Amino acid sequence: MSTTVLNDEPKSVVSVSDESNMPNMANMPEPAKKSQILVILLCLFAAMGGFVFGYDTGTISGFINMDSFLESFGETDESGVFFLSRMRAGLIVGLFSIGAFLGTLLGGYLADKVGRKKGIVYVALVYIVGMLIQITAFSAWYQIAIGRVIGGVGIGALSVLVPMFQSETAPQNLRGALVSSFQLFITLGIFVGFSVCYATKSRPDTGAFRIPMGLCFAWAFILLIGMCFMPESPRYLVSVGRVEEARKAMAMTNQVPLHDAVIDEELQAIEKSVIREQTAGKATWKELFTGEPRMGYRLTLGILIQVLQQLCGANYFFYYGTSIFKAIGMSDSFATSMIFGGINFLSTFGGLYIVDRFGRRKCLLGGAMVMFVCFLVYSTVGFAALYPNGDTSLPASKTVGDVMILFTCIFIAAFASTWAPIAFVVVSETFPLRMRSKGMAVATGGNWMINFLVSFLTPFITTAIGFKYGYVFTACLGFAIVFVYFFIPETKGLSLEDVDELYASGVSARKSPDWLPSSKKQENESKNSMAFSESS
């Protein structure tokens, strides 16, 4: 027997058998379906963090077009009409993403310092503080902006902590779908945000935007209270030496006895992985870029997949959808945005199904190809045919506007079922446990930084070049197709420990769908030997 301390703090000592006696993940018995119900519900509840994020995204698009919001925080032109300048609108929308970028770093820190569960509780409180600052603003637009920065810190941290918690808690065969549920709840939040703004937009008082703002408290409070009763991630508990707590958490979530064989074998596999990683010492930021196996490469993949998710151009529609379709000539652009939110939400269910059925690579490639075509058509007909002779002072062509809306709907459906959820799945699987919090923080931070640039610069760019702006996203989608094909490996059906072995093997992304982990090879060899013995 060998004894290893799993944490710098003198909390506990874990005794595990030699590696030769450790079971393979592949040989682990699958929990009965009924035993997965609770862990599925726990992961889905944690995804409430995505709902808070989505609701905030869905409401801001409506706020900046509400008369009462413009009267409270806007400026007046020569004729006395209230409006938001491009700079003011860009800051109100975009500073949220700056806060979220900072929040990803906070989320990574809290994940290691206090755990995934407590981290989610703490950052939900941060978001509530940000909303308090916003809802108490009466005329100072910068108070709204400050509140959105602080609220963004909470959301950015949630975008790291929730997928991390889900990926470490979910059963292997459902991990892709359950991590994707974070995006499902984002889309549900966007739809609800659009719908609430649609319901309150005609109010003559500030309740038009304060009621939707006030509901933000309800969603964040539900998340905060619920997480207090959640078990902690077993992988985190093992990593800090609290092995018996990990056993209790796993037994509870799988609804099996405390010393069930499933728990014993999975717990030993996690211990083996943690011991191997922590033997190398405490993870450092430098190691994230230079460590093994291939940490710099994996970090680059994580950052690029998150950056490209933003450069698909989806938030061009979600942040400014109401303004865009008002320009196209829609009689009720709020209703159009609500329809898009519904398509976004419903299409994400498709993503939950296909991510573990067809794998990460095929879904990302197919989604990028469809979005490429949609943005190409949208941009071309928008600048070439929407207005007669390109004169924006003339009424927009209804037929062309309908075509643009159709391709926008197809785009949103493709995005919601592929890149929106699967980018989070890929990043949550890319890093080993020891480096996961830091790796996910940096990768998700890249997402939020591009989110800020898109949200802040969009009003200026659309004023300058109109619908030609879509060609920028078209080019990015073309790059995304090439990037996924050559660099993103297939991780469907692999445990988190197997994914680490995949990267260590150096197998190319194109050959990764046929790659087998050593545990699976041993299982196959054992089956072949048994079959040979029986035939003899």
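Placement of Cβ uses the backbone N, Cα and C atoms for every residue, glycine included.
Where the annotation comes from TrEMBL, it is an automatic prediction and has not been curated.
Per TrEMBL, the feature region 'Disordered' maps to 1-20, 509-536. The annotation transmembrane segment is assigned in TrEMBL to 37-55, 89-111, 120-139, 145-165, 177-196, 208-229, 299-321, 333-355, 364-385, 405-427, 448-465, 471-488. What TrEMBL records for 42-492 is domain 'Major facilitator superfamily (MFS) profile'.
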Under a criterion of three or more Cβ pairs within a distance under 8 Å and sequence separation of at least 6, are the transmembrane segment (471-488) and the transmembrane segment (364-385) in contact?
yes
Okay, the transmembrane segment (333-355) and the transmembrane segment (448-465): do they have at least three CB pairs under 8 Å, pairs separated by 6 or more?
no
Using a Cβ-Cβ cut-off of under 8 Å, list the residues of the same chain that are 6+ residues beyond the ends of the transmembrane segment (120-139) and lie near it.
46, 49, 52, 72-73, 99, 103, 106-107, 110, 114, 146-155, 157-158, 161-162, 165, 206, 210, 213-214, 216-217, 220-221, 223-224, 227-228
Excluding the flanking five residues on each side, which residues at least 6 beyond the ends of the transmembrane segment (364-385) place their CB within less than 8 Å of a CB in that stretch?
312-313, 397, 400, 403-404, 407-408, 410-411, 414-415, 417-419, 422, 426, 466-471, 473-474, 477-478, 480-481, 484-485, 488
Any contact between the transmembrane segment (177-196) and the transmembrane segment (333-355), i.e. 3 or more CB pairs below 8 Å with pairs at least 6 residues apart?
yes
Candidate ranges 89-111, 299-321, 405-427 - greatest C-beta contact count to the transmembrane segment (145-165) (under 8 angstroms):
89-111
